[in-house]
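For reference, Swiss-Prot has these:
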DOMAIN    2-241  domain 'ABC transporter'
BINDING   Gly38, Tyr39, Ser40, Gly41, Ala42, Gly43, Lys44, Ser45  ATP binding site
Amino acid sequence: MIEFKDVTKTFDAKQGAVHAVQDVNLKIEDGHIYGIVGYSGAGKSTLVRMLNGLETPTSGSVVIDDVNITTLSGAKLRAQRQKIGMIFQHFNLLWSRTVLENIMFPLEIAGLSKVDARKKAEHLADLVGLAGRETAYPSELSGGQKQRVGIARALANDPQILLSDEATSALDPQTTDEVLDLLLSINQKLHLTIVLITHEMHVIRKIADHVAVMEAGKIVEQGPVLEVFKRPQQAVTKRFVNEEVTPSLNDTTVVVDQLLAKYPKGTIVQLTFHGDQAQLPIVSEMLKKYPLDLNIIEGGIHQTQEGAIGSLYLQLTGDQEQIKGALAYLQTMRVETEVLNRE
């Protein structure tokens, strides 16, 4: 288990003390994929640097499997770091080395014989989908293939934890999904704890099971991914969720004003579906019971590791009693309903 206990990190600057991380308390269970999401400057990277001992907390402690790594130094800290692999946005490959030689590099540093290092590197190349590309140089690889080399290299010393710091930020959407699928597969095969640092809720939604949202150095919200998607509490969380679920309405501070200006008539309703609800014809059944004119403004269904989450914006026009009946029906079907206006 990973635990952050009352962790604060302060940097001295000309303008005074800068609190990069403030009073963070967080638990990450073994074998989970835990996402930490926030915009630039939220404190995500500082937090992860404290996890592998590259930064020391100003106060508080970071504990991994009952070992307080903030008290370690020298050989003990180096031994602890060997239990943690890390992948980055920029691949940090050795351009004069082949794929296999890049994967072998940390094994050579660890003292493995060349024969054993090569054998293990070949296995890792196959694990990350690079069989047949072992003799290629980084300049001959696509961005996704380079990141696969980075992942294989991070796994070389059999870490218990894999840190991913914006590892898909430089990749196109299709390659991002392929790399995320690989990380999910590795998590399942190796029972590896993965900590994802990202500013993209898509990354969290696709493979994480738990998420913490950071803003201004603080964790403002945390919980199972599906629960956070279903009921975001903080403004920054709502913005992240809307960016993923309803991308064309991604600024929660202006969503309602935009909708009311564009659709001045009728009743504008936001529906949120969870799990099996997202697969059922609930809206069409509603229209059979309550004959209304319906305009679908925006919508989408996305999968998380714990189930589907769907969001739908509707414009309903017609008899007010019929509209009230329709909204009551949706609530009986356990669809979360928010009326943004009334005609």
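Backbone N, Cα and C define each Cβ position, glycine as well.
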Spatial neighbours of Gly43 (ATP binding site) that are distant in sequence (at least 6 apart) but have CB under 8 A: Lys9, Ala20, Val21, Gln22, Met214, Ala216, Gly217, Lys218
8 Å Cβ shell about Gly38, Tyr39, Ser40, Gly41, Ala42, Gly43, Lys44, Ser45 centroid, ATP site members excluded: His199, Met214
Packing count at Ser45 (ATP binding site) (other Cβ atoms within 10 Å of its Cβ): 18
Among Tyr39, Ala42, the most crowded of the binding-site residues [Cβ within 10 Å]: Ala42
Cβ neighbour count within 10 Å of Lys44 (ATP binding site): 24
Those binding-site residues listed as Gly38, Gly41, and which of them has the most Cβ atoms within 10 Å of its own Cβ: Gly38
For Ser40 (ATP binding site), nearby residues of its own chain (Cβ under 8 Å, 6 or more apart in sequence): His199
